[in-house]
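J.: Residues or ranges marked as signal peptide by TrEMBL: 1-23. Per TrEMBL, heme c binding site is recorded for Cys137, Cys140, His141.
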Amino acid sequence: MQAIKFMALATSCLLALPICAQAGEKETIKYRENNMEIIGAHMNSIVAIIKEQVPHKEHLTTHASGLSAAAKMSSAAFKEKTSGGDTTAKDTIWSDSAKFDEAMQMMLASTAKLETAAASGDMPAVQAAVGDVGKSCKNCHDTFRNKK
Ligand code: HEC
């Protein structure tokens, strides 16, 4: 009996999937915010490590590749336009998408550079790349994000 119930549930879920798969606006916003939180968490960890506030130098390469990987998902996370909702994203993300893409590219280039520098263990290069990554965050936030 349990098995039959489970099968029925599984089948109805499969049938409903195309409808379920339509992300609602709330989920779309949450997803891109989660992407930014992941990016932010890696970035904060990297800064704490290079400032030697924490003794986890061996984590640097993992954070740098995690940051780069999360940055690569960011463009897709912002693809779907939302209007309203609990968000600080500006509408110009979608009305001035060429400029937004440029801001994304700046983050992608700098996070890729940071990943390479971290892998090579070249600390001055890591420092420089972290500075560039930070500029890329600020550049986009200043233009495309409302202050809370
Ligand atoms: C191309 C644009 C762009 C770049 C580059 C960018 N961000 Fe963001 N970020 C945004 C936007 C837009 C929001 C607001 C998202 C929302 O509220 O829907 C945001 C939100 C955030 C948030 C808050 C998330 C939340 O839960 O509300 C954090 C943290 C964050 N960004 C960190 C970073 C860091 C760190 C970097 C650089 C490594 C970065 N961002 C690079 C556009 C960008």
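A Cβ is built for glycine as well, from the same backbone N, Cα and C atoms used for every other residue.
Fair warning: this is a prediction, and the values are worked out from it, not measured in the lab.
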J.: Taking the Cβ of Cys140 (heme c binding site) as the reference point, list residues of the same chain whose Cβ is under 8 angstroms away and which are at least six residues distant in sequence.
T.: Phe100, Ala103, Met104, Met106, Met107
J.: Under 8 Å between C-beta atoms and at least six apart in sequence, can you list the same-chain neighbours of Cys137 (heme c binding site), or say none if there are none?
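T.: Counting only residues 6 or more apart in sequence, the Cβ neighbours of Cys137 (heme c binding site) under 8 Å are Ile39, Met43, Met107.
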J.: Does DSSP put His141 (heme c binding site) in a helix, in a strand, or in coil?
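T.: The three-state answer is helix.
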